[in-house]
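Asker: Starting off with a structure, shown below.
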Amino acid sequence: MLNSVIKRSALCRFKFTCLQVSECRPAQIEISKRLYSAKASGNGEYDLCVIGGGPGGYVAAIRGAQLGLKTICVEKRGTLGGTCLNVGCIPSKALLNNSHIYHTVKHDTKRRGIDVSGVSVNLSQMMKAKDDSVKSLTSGIEYLFKKNKVEYAKGTGSFIDPQTLSVKGIDGAADQTIKAKNFIIATGSEVKPFPGVTIDEKKIVSSTGALSLSEVPKKMTVLGGGIIGLEMGSVWSRLGAEVTVVEFLPAVGGPMDADISKALSRIISKQGIKFKTSTKLLSAKVNGDSVEVEIENMKNNKRETYQTDVLLVAIGRVPYTEGLGLDKLGISMDKSNRVIMDSEYRTNIPHIRVIGDATLGPMLAHKAEDEGIAAVEYIAKGQGHVNYNCIPAVMYTHPEVAWVGITEQKAKESGIKYRIGTFPFSANSRAKTNMDADGLVKVIVDAETDRLLGVHMIGPMAGELIGEATLALEYGASAEDVARVCHAHPTLSEATKEAMMAAWCGKSIHF
Amino acid sequence: MLKHYIHQCVKASSCKHSLSVKQRYFHCSALNGVASMFRMPALSPTMEEGNITKWHFKEGDSFKSGDILLEVETDKATMDVEVQDNGILAKVLIEKGSNIPVGKNIAIVADAEDNLKDLELPKDEASSEEQSFSSSKEEVKPIVQDRETKSNVEHKSTSQANDAVNKSFLPSVSYLIHQYKIENPWSIPATGPHGRLLKGDVLAHVGKIDKGVPSSLQKFVRNLEVLDFSGVEPKKPSYTEDSVPVRKSTMIETLKTVPMKDEYITFERSISLEKLKSLLAKRKEKDAFGIDEVVSAMIGDALSISELSKVEPNSIESAYDLLLGAPIVKLKSSVSNFQPKLFPKNNNTKDLHKYIRDSMIGLPSNLSDYVKLNFSSVTKSSSNNVEFLDDVYDMLLGSNSDSIDSRINRHEEPSTTEDLTLTLSIKDNISKSRAIKFVDCLKSNFENPEFVLSRW
């Protein structure tokens, strides 16, 4: 009798535990918070230690602190913001914008009715403007850390055991040992080296060096026709360099839609950048003041050797987890050195999670940010959200290129029936009046249900326009849904609406 | 379900009401004749409550924009409340009072043109609003999940609900609903994100396209929404089995996968029972749990977190499994089949591993076809990091009176501790990642017993 009573109560509790699992996660955090408060000035164990202060890491740290976790962020660069803020997205955008203004003023004012003379580049001032914006943004993150009570450990982290990270201080910061209940690896990526080519950041540069050349090179060769290569190529081309892009694949623009890629190379060629596609680099040597480059066209096997002032190696990036001691812990990686994670960003050691460039998926700052938030929410709330179909990609050339969802190639491969709707910016009133009407919007929808599958655009402000398409895709909208939304006139966004109309019923109004 | 519709209607009506309040500012006469509530205003960003000290108008008085309607005393100062628009003070609900929370209805005001006699006084919406606020969180999901059962609901309430709900439909869906005069859109199976009804769903419903199209498209899109693991090849660890780096004895995380002859794969975890034991040693008579209960809760927790017995794996899990080289087996058992073997309450923690082993016998029966558990306990010297937090345990066990005693007790414990090595053998065709997760959860639960206990 007594036994059966015990049994029932135990079972009840057991079932309760099972049912409550999802709700139990916050309780778990709460109890861990209580644990910490119980030993407030004790051994200083953290709820969360984020390794890396880039866009993935710092966002995760701030979100963690906002959700009540005692959080510390380890960064060895000396400034927060990672590659993106220090030597990536942000400084390149400063140069892209200012070089574009220079180029417009110099070449494009006469027909607009503005006569300007004596236009010249002051490169050191342009670099200073870039450095100032980087500085204000990186110190802005330090302020955000303070505001959200995220502790900041300046130094190089290395795992001692799965619960402990030793940090070797830099810039006069003391060494320390961090014990934490959860870790997030957000160490990002580094430049992918080209075998046999040594990057000296003066003559043979990576994207980092290309952001701070001391003078405008006469001739510049860009190895890799992806986003980084075309952006940096654009900067120096506008400032006066003769830029040649060497791309191994038959088309530039990496994973972008084939139609957009074609339009891109047409428009960019007009701006003076030369493309050598289906071409591989055989060797590159610094030869006095210039670099000797040997290339081979893979279609006709023709070899060519020429001199260039600067060679930019921009063939991609590789995950960076060096010195972290992941092999010591036995954390599983894949053959490209990406840390393998599950759907909740856990490595094979569950309390160590990984986000951003260090793991699978596209290497984009905003993807890392969203993963950082999701990973922290999995820790604190047991639930997170990243939709990998809705991660927009933007290239900040002029015109900009932006896309979200699947490409037409992918739609063909997967054998689904699809419809295409396009609309050129040359038929958009705002683009026309701005005298900046190169490009088009291309919408891919499911042929039967009209559901949006992908949106690709090349044109003015495409990077801003893609936001609307991303939202529509996230919400499962059809082309009709977007077309029925009122868009202000005259705006560039009307081009999106008209392309949606074209995809939905085959006809846009203005084209 | 009916309840749900009523709730929707309540929401809709309160929606309309707030609309009417806005419209008051535009002097729109369409909704004249309905007065609105005047709520306790927030006079500073931090203000949570305040005291009403004086009304400057009497019931029935009309006021003009900019007039001071009343005086409110907060913790900082006494402040005047200015009105934004012309109107009539129809009724004062709270004449004077202290600690009135921000947002509470304190008066009823009417439009300047309204005749107080035909005025329809609003009901006290505070309570209904509170209700909708508190229940809105849970309400969001059922809207979606119970779509199909909703078709049985009475027609009248459905059409009422449609009015409220139409506003949340995508424009194309609204359009089609009107075009095809669909009376009960809730009955249409939805394939959109988070259960949203899409254009394709309605087109399939009215027979414009093939019925199976939306769901196959949903599958296609869902696969795009998770990371593609297909091209990922795991790297072999750089060290060999023999040179596995030795770490702290209590924290051996190394995962060994040894394929066995009979197609079983073995996972091994060394679990430290130190913490659990000393926690259990602190139990007192009045504590209403036995070792068996703790153990079975820990196993059950690990089972459900690892989803080892979950029927339908989600796609990313299957991708992850695929990556690790194991196809997925659907297990029909549910966690609730698990019946822990029970023992009388016992304060003897020496046989802890025996309890654990015996509890594991109760794993779901068809799960045990795939999973085999072996236990071996190793006695070794204590790693001497028994810096347990007495106050933590006291908090968990609900007392702090005799921490000194327990401390003494703990020091009397022998300096050796038994570690449990848990070996989980699984058949080659079971979801490997889940099995690993299961063992990891189990390890984590046993080594951090306070988490499981704290949920009781």
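Any Cβ shown, glycine's included, is placed from N, Cα and C.
These numbers come from a predicted model, not from an experiment.
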Asker: So Swiss-Prot lists A:GLY224, A:GLY225, A:GLY226, A:ILE227, A:ILE228, A:GLY229, A:LEU230, A:GLU231, A:GLU247, A:LEU281 for NAD(+); which of A:GLY188, A:GLY209, A:GLY272, A:GLY316 goes with them?
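Answerer: Only hit among A:GLY188, A:GLY209, A:GLY272, A:GLY316 in Swiss-Prot's NAD(+) site, alongside A:GLY224, A:GLY225, A:GLY226, A:ILE227, A:ILE228, A:GLY229, A:LEU230, A:GLU231, A:GLU247, A:LEU281: A:GLY316.
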Asker: If H, G and I count as helix, E and B as strand, and all else as coil, what does DSSP give for A:GLU75 (FAD binding site)?
Answerer: strand
Asker: Which one is closest to A:GLY81 (FAD binding site) in space, judged by CA to CA distance, out of the recorded positions A:GLY224, A:LEU230, A:GLY316, A:HIS489?
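Answerer: Ranked by Cα distance from A:GLY81 (FAD binding site), first place goes to A:GLY316.
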Asker: Please identify, from the recorded positions A:CYS89, A:GLU247, the residue with the sparsest Cβ neighbourhood, meaning fewest other Cβ atoms within 10 angstroms.
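Answerer: Output over recorded positions A:CYS89, A:GLU247: least Cβ neighbours within 10 Å is A:CYS89.
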Asker: Taking only the recorded positions A:GLU75, A:GLY78, A:CYS89, A:THR187, which one has a CA atom nearest to the CA atom of A:ILE228 (NAD(+) binding site)?
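Answerer: Ranked by Cα distance from A:ILE228 (NAD(+) binding site), first place goes to A:CYS89.
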Asker: With every protein chain in view, what's the tally of Cβ atoms within 10 Å of the Cβ of A:HIS489 (active site, proton acceptor), excluding that atom itself?
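Answerer: That number is 10.
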Asker: Anything within 10 Å of A:CYS89 (disulfide bond)? Look among the binding-site residues A:GLY78, A:THR187, A:GLU247, A:ALA365, comparing CA atoms, and list what you find.
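Answerer: Passing the 10 Å Cα cut: A:ALA365.
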Asker: If you count other CB atoms within 10 A of each CB, which of A:GLY78, A:GLY226, A:GLY316 wins among these binding-site residues?
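Answerer: The residue with the densest Cβ neighbourhood is A:GLY226.
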Asker: Rounding to the nearest whole angstrom, report the longest C-alpha distance spanning A:GLY224, A:GLY225, A:GLY226, A:ILE227, A:ILE228, A:GLY229, A:LEU230, A:GLU231, A:GLU247, A:LEU281, A:GLY316, listed for NAD(+).
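Answerer: Taking every pair of listed residues, the largest Cα separation comes to 20 Å.
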Asker: Over all shown protein chains, what is the count of other CB atoms within 10 A of the CB belonging to A:GLY224 (NAD(+) binding site)?
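Answerer: That number is 26.
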